[in-house]
């Protein structure tokens, strides 16, 4: 059997791998290959006397770590020197059958008091379903192991990015945001049929909808936050919105102060790219005290509307002045309904550039500019 190729450690077909992975909180967690339910072909003998773990509990789940504990009989408990933890991504029925499968991960831990923490961004991704099973093992003087039967298999799902992780993304985005340019309107492009539907079925008011899964896989707003997408970037030479759009030939424009003002809060939502040189920053504007505001307050870093690197609103000489970052593409989510009567709808003169659409776009996991050292 050929040993699996792993980025951080390579399992051996004849013995568990010896390289200690220091990033895990266990004293000696190592990556090894999985070789069936029992590992007799890997120099590991089976011994029924070792207790089989049962009643496995997973707790304190984050985007790249979890705590695990279990119960076991006291018989031969003092002979246990190690735990084998078999961790695998849960198979997705809709996954591409021709895509290379993820290599299963077996963690080998010295027997430490339970619960113990398993942490590692190279084998744990945020918002991902996993299966886990456990063996007890006793290392012999010749280096081989005697092991128990595998425990039952249980399932769990890792968490979204926390505010700490999002703050790391925020700081990376600030580095490339660039200088600030003035803006006067927010705009939203759609097809003519969209605006006709809004007028006929929603009393002229655009309604919030659930954000798609574009951007970082661990983003806490994907598939959860309800809002309306707007753009605000302007052309450098005209100071006006570009005439091209990937989302439709009809554009709703609304004065900036009607969506963004001292009665709204501003939050950082995400930072990503799609295998391109340019990057996107998602911001959320939520009226103070609204359901959207409460959702974001618990999950996202809040920005000072007068002083941040992406989108600002401040009074100058008695007039509200708005600015946006020049070197990133801003995607702004407004969390409340917006009536079409507050702005204008007109056809753009440019092209519909479908290749620039970010609908359900997947983030480039290899980009050093917009990724952090946790699951992508």
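Positions of Cβ are set from backbone N, Cα and C atoms, glycine also.
DSSP labels the residues of the domain 'Fibronectin type-III' (52-161) in these numbers: 3 helix, 49 strand, 58 coil. Marked as domain 'Fibronectin type-III' by TrEMBL: 52-161.
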What is the average pLDDT across the domain 'Fibronectin type-III' (52-161)? 85
